[in-house]
Amino acid sequence: MLSFLKAPANAPLITDKHEVDARYRYWRRHILITIWLGYALFYFTRKSFNAAAPEILASGILTRSDIGLLATLFYITYGVSKFVSGIVSDRSNARYFMGIGLIATGVVNILFGFSTSLWAFALLWALNAFFQGFGSPVCARLLTAWYSRTERGGWWALWNTAHNVGGALIPLVMAAVALHYGWRVGMMVAGLLAIGVGMVLCWRLRDRPQAIGLPPVGDWRHDALEVAQQQEGAGLSRKEILAKYVLLNPYIWLLSLCYVLVYVVRAAINDWGNLYMSETLGVDLVTANTAVSMFELGGFIGALVAGWGSDKLFNGNRGPMNLIFAAGILLSVGSLWLMPFASYVMQAACFFTTGFFVFGPQMLIGMAAAECSHKEAAGAATGFVGLFAYLGASLSGWPLAKVLEIWHWTGFFAVIAIAAGISALLLLPFLNAQAPRETHEA
């Protein structure tokens, strides 16, 4: 590994309590802002193609099946990259690993705007998926390193809103730019923004607290649950930690299976929602994308409620809140599907409620994976469940396009409603577990 990409060594420990407190407060705030901004732009360059899809479809460059194929290719590549990058990021310098990944996705988005053939689109979008995997595992590692167990839900939820801000803005920006200059210019604008923010990441981000002379966060906050996780698995090699706390951890596997189904719903609404609005209500691209943006707005609020609730109502136990939100997904998807009349306002409201409930488990499952694993394997654990999440998301691409061709929108909503129902059942074992990892170890 290039020397600047290696995780920095521990710096001499600062002994002055006031300086430790001041540095912790400063860097916790700045790191959260930086990873939030960075991940919003990762999401911006991830969803740029989806936002432009109706315009590309109308131009005749790609068919509906082609768009579904590209979505499936992206999700599979991204899922694999997320897992591999999670393992690598646990040993890498966070600031450069995440920053370089974002710059690379920006370059790929710009090149996509110059492309004309399906093969070029497929190659570039797979390459974009690969570099997209550099983002989320780094964020999970930093959130685990800088925020302790009993407060992490709220902070993780704040970071998670970057998904929603990026996801809500890109349809609006893409639609506005495409309306005046074409979808190709929209892809280039997204790419240029990503390159600029990627440079900011390389400048402002930092690695774990020990790298700048601070004690571990559990010691600083006197958080017993956090200290217990910090001390667990002492003396194990990285390979042993990966095997014991990730690959052979039954709770990680259960969370992974649930993530598959949650992401079927999330990706289906995200990727096909604007087309559904265009075809069923006959609205234009800007109006359709505005409704899809309500999905992200609902997710913004839902993630905050889920994180706050799991901290304050259930003392850091993610299980009960996960189950409540999974049941809400089923109800909101059913409302969107079975609405007895065509109303743009009501459809947009259903997009909002679906987003509200989807982004609870979307955020909490990743956090639960980090907390069910080892402190030094947070990136690998979230990357592993992320692999399964995007295998689920890949089902919303080409396979769901085929469902649409045969059974139309009725089949589409039946599939995602079933996925929502099963996901709720898979979360039942976590309902009464304060710390599934500790139960497993006992």
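Glycine is treated like the rest: Cβ placed from N, Cα and C.
Per-residue pLDDT, averaged over the topological domain 'Cytoplasmic' (1-30), rounds to 87. Annotated topological domain 'Cytoplasmic' per Swiss-Prot: 1-30 (among others), in sequence order, evidence recorded as a curator's inference.
Annotated topological domain 'Periplasmic' per Swiss-Prot: 52-66 (among others), in sequence order, evidence recorded as a curator's inference.
Counting residue by residue with DSSP, the topological domain 'Cytoplasmic' (88-95) contains 4 helix, 1 strand, 3 coil. The topological domain 'Cytoplasmic' annotation in Swiss-Prot covers 88-95 (among others).
Residue counts for the topological domain 'Cytoplasmic' (145-162) under DSSP, helix first, then strand, then coil, are 13 helix, 0 strand, 5 coil. Annotation comment: Swiss-Prot describes 145-162 (among others) as topological domain 'Cytoplasmic', evidence class a curator's inference.
As annotated by Swiss-Prot, topological domain 'Cytoplasmic' applies to 206-244 (among others).
If you look up Swiss-Prot, you'll see 266-289 (among others) marked as topological domain 'Periplasmic'. The DSSP breakdown of the topological domain 'Periplasmic' (266-289), given as helix, strand and coil counts, is 21 helix, 0 strand, 3 coil.
As annotated by Swiss-Prot, topological domain 'Cytoplasmic' applies to 311-322 (among others), with the evidence given as a curator's inference.
The topological domain 'Periplasmic' annotation in Swiss-Prot covers 344-347 (among others), and the record cites a curator's inference as its basis. Remote same-chain partners of the topological domain 'Periplasmic' (344-347), defined as residues 6 or more beyond its termini with a Cβ less than 8 Å from a stretch Cβ, comprise 277, 281, 283, 287, 291, 336.
Remote same-chain partners of the topological domain 'Cytoplasmic' (369-379), defined as residues 6 or more beyond its termini with a Cβ less than 8 Å from a stretch Cβ, comprise 85-87, 89-90, 137-138, 140-141, 143-145, 149, 152, 229-230, 232-233, 236, 238, 241-242, 244-246, 249, 251-252, 255-256, 316, 318, 385, 435-437, 440. If you look up Swiss-Prot, you'll see 369-379 (among others) marked as topological domain 'Cytoplasmic', on the strength of a curator's inference.
The residues of the topological domain 'Periplasmic' (401-410), classed with DSSP into helix (H, G, I), strand (E, B) and coil, number 10 helix, 0 strand, 0 coil. As annotated by Swiss-Prot, topological domain 'Periplasmic' applies to 401-410 (among others).
Per Swiss-Prot, the feature topological domain 'Cytoplasmic' maps to 432-442 (among others); the stated evidence is similarity to another entry.
The annotation transmembrane segment is assigned in Swiss-Prot to 31-51 (among others). Through the fold, the transmembrane segment (31-51) approaches residues 70-71, 74, 78, 98-99, 101-102, 105-106, 108-109, 112, 125, 128, 132, 135-136, 138-139, 142-143, 146, 155, 158-159, 161-163, 165-167, 169-171, 173-175, 186-187, 190-191, 193-194, 197-198, 200-201, 204-206, 270-271, 274, 289 of its own chain, all at least 6 residues removed from its boundaries and within a Cβ separation under 8 Å.
Taken from Swiss-Prot, the feature transmembrane segment covers 67-87 (among others), and the record attributes it to sequence analysis.
According to Swiss-Prot, the transmembrane segment annotation covers 96-118 (among others), on the basis of sequence analysis.
As annotated by Swiss-Prot, transmembrane segment applies to 122-144 (among others), with the evidence given as sequence analysis. Same-chain residues lying 6 or more positions outside the transmembrane segment (122-144) and placing a CB less than 8 Å from one of its CB atoms are 31, 35, 38-39, 42, 45-46, 49, 69-70, 73-78, 80-86, 89-90, 92, 94, 97-98, 100-102, 104-105, 108-109, 111-112, 115, 152, 155-156, 159, 205, 207-208, 366-367, 370-371, 375, 378-383, 386.
Sequence-distant neighbours of the transmembrane segment (163-183) (same chain, 6+ residues past either end, Cβ-Cβ under 8 Å): 39-44, 46-48, 50-52, 55-56, 59, 113, 189-190, 270, 274, 285-286, 289-290, 292-293, 295-297, 299-300, 303, 355, 359, 362. Annotated transmembrane segment per Swiss-Prot: 163-183 (among others), in sequence order.
Counting Cβ pairs under 8 Å to the transmembrane segment (411-431), the top-ranked stretch among 245-265, 290-310, 348-368, 380-400 is 245-265. Here the topological domain 'Cytoplasmic' (206-244) has, by DSSP, the following mix of helix, strand and coil residues: 24 helix, 0 strand, 15 coil.
Counting Cβ pairs closer than 8 Å to the transmembrane segment (323-343), the top stretch among 67-87, 245-265, 290-310, 380-400 is 245-265. Scored on C-beta pairs under 8 angstroms, the neighbour of the transmembrane segment (67-87) with the top count among 185-205, 245-265, 290-310, 348-368, 380-400 is 380-400.
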